[in-house]
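All remarks here apply to the structure that follows.
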Amino acid sequence: MKKHWFPVLAGIIILAIVGVFGYHYMTEEKIEVLKPIADFTLDNSDGTTYTFNESAGKVRLVEFMFTKCPDICPATTFNMAKLQDQLKEKGLFGDKVEFISISFDPDNDTPQVLQEYAAKFKADQSGWKFLRGDAQAVEKVTKDFGLMVIKEPDGSYSHTARMFLVDGDGNMRRAYGMAANMELEVMMKEMVQLAD
């Protein structure tokens, strides 16, 4: 009689494990593809050239910004630095997840200015690229992402307050709010989900 309990107990344990993993798989929200992002080439603040497809296979969090921004951009970059630290703890930053900050102010945001901005937020540039280019090159990228950028008469910029999650295949998966509208827990969960 005791011999029959072991196979029954083992079967129950196996079913429970399969059930837990199956439930997790079925309840995990799917992150739909919004659109493919075209390859682009811009200048990295370290003096090298960066091509978007170089980081194929990595999840990318893409921010558009300018360093003279008085509010939204620095608050967003500050929050990204928090996410950077959390991703480092998980061993994903730089290896499976990369951050990209693209300036749309080529007149002010020189490589040196971008380097100083990155240092101010303790950005680890092994996994966080600060990019710039001429106005036409950056405009092509902002349009592909669906971002509106308007240069104001005083030299400042008005822009759509959105940042983007792109998967390893180059597909946009999410458009997130910036600054106070960033849902850091959701963003972390979705970056980890796509990185797995």
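All positions are counted from 1 along the displayed chain.
Each Cβ is built from the backbone N, Cα and C atoms, and glycine gets one as well.
Summarising the annotation, TrEMBL assigns transmembrane segment to 6-26. Taken from TrEMBL, the feature domain 'Thioredoxin' applies to 31-196. Look at TrEMBL and you will find CYS69-CYS73 tagged as disulfide bond. Residues or ranges marked as Cu cation binding site by TrEMBL: CYS69, CYS73, HIS159.
Residue pair HIS159 (Cu cation binding site) / CYS73 (disulfide bond) shows a Cα separation of 10 Å. Secondary structure at CYS69 (disulfide bond), taken from DSSP and collapsed to helix, strand or coil, is coil.
The least crowded of the disulfide-bonded residues CYS69, CYS73, judged by other CB atoms within 10 A of its own CB, is CYS69. A Cβ within 8 Å of the Cβ centre of CYS69, CYS73, HIS159, the residues given for Cu cation, is found for these other residues of the same chain: PHE64, MET65, PHE66, ASP71, ILE72, THR76, TYR157.
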